[in-house]
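Got these off Swiss-Prot a minute ago, pasting:
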{"type": "ACT_SITE", "residues": "Y23", "note": "active site, proton acceptor"}
{"type": "ACT_SITE", "residues": "H101", "note": "active site, proton donor"}
{"type": "BINDING", "residues": "N75, H81, D88, I102, S103, R112", "note": "substrate binding site"}
{"type": "SITE", "residues": "R18", "note": "site 'Transition state stabilizer'"}
Amino acid sequence: MPELLLLNGPNLNLLGTREPGIYGSDTLADIERRLGEQCAGAGVRFSAFQTNAEHALIDRIHQAGRAGVDFILINPGAWTHTSIALRDALLGVGIPFIEIHISNVHAREPFRRQSYLADVAVGVISGLGVHGYELALQAALKRLDGSPRGQH
């Protein structure tokens, strides 16, 4: 059975209360529940992890590599624009991933327009609100389509 991991970076635990005009009113728990249900229906194992500590996210990526996780969906939050270490961790484990952003980072401050992950991601979804998570999941499920890791 394929396995998918959802990763969320700093401040995403505040979804539902943090700047709802930008990020909406859905909580991270709402998003995780919906994605988990969709994965169950598709016969895919699902797990989720959120942290405000960069080293913890990197450790979780390393663990995913050892565990044979097949695909990662990641909203790296502000680490998108700052973390070469996160990029190196994702490259190091070789798990395909899709980068997700709730807001349109290209319509915001100039410093948010640089991603250290986009060029090594399978794809990037930005600016479609929390619906972007479900779109990323649909793409990941289609890409997995029961194929073993390394054949994506």
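Backbone N, Cα and C atoms are what each Cβ position is placed from, and that goes for glycine too.
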Cα distance, H101 (active site, proton donor) to R112 (substrate binding site), nearest Å?
11
In Å, rounded, how far does the Cα of D88 (substrate binding site) sit from the Cα of H101 (active site, proton donor)?
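Rounded to the nearest whole number, the Cα-Cα distance is 20 Å.
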Could you check which of these recorded positions, R18, N75, H81, sit within 10 Å of H101 (active site, proton donor), going Cα to Cα?
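Taking R18, N75, H81 one by one, the ones whose Cα falls within 10 Å of H101 (active site, proton donor) are N75.
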On the three-state reduction of DSSP, what should I expect for N75 (substrate binding site)?
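Going by the DSSP assignment, N75 (substrate binding site) falls within a strand, counted as strand.
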Relative to the Cβ position of I102 (substrate binding site), how many further Cβ atoms are located within 10 Å?
24
Give me the Cα-Cα distance between S103 (substrate binding site) and R18 (site 'Transition state stabilizer'), rounded to a whole Å.
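Answer for this pair: 12 Å between alpha carbons.
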Where does H81 (substrate binding site) sit in DSSP terms: helix, strand, or coil?
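Reduced to three states, the DSSP call for H81 (substrate binding site) is helix.
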What's the CA-CA gap between I102 (substrate binding site) and Y23 (active site, proton acceptor) in angstrom, rounded?
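Between the alpha carbons of I102 (substrate binding site) and Y23 (active site, proton acceptor) there are 6 Å.
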Looking only at N75, H81, D88, I102, S103, R112, the residues listed as binding substrate, what is the longest Cα to Cα distance in Å?
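Of all Cα pairs among the recorded substrate binders, the widest measures 24 Å.
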Which of the three DSSP-derived classes (helix, strand, coil) applies to I102 (substrate binding site)?
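Looking at the DSSP assignment, I102 (substrate binding site) belongs to neither helix nor strand, so coil.
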Could you state the CA-to-CA distance between H81 (substrate binding site) and the residue listed as 'active site, proton acceptor' to the nearest Å?
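The Cα atom of H81 (substrate binding site) is 18 Å away from the Cα atom of the residue listed as 'active site, proton acceptor'.
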Taking every protein chain shown into account, which of the recorded positions R18, H101 has the largest tally of Cβ atoms within 10 Å of its Cβ?
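Top count of Cβ atoms within 10 Å goes to H101.
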From the Cα of Y23 (active site, proton acceptor) across to the Cα of N75 (substrate binding site), what is the distance in angstrom?
12
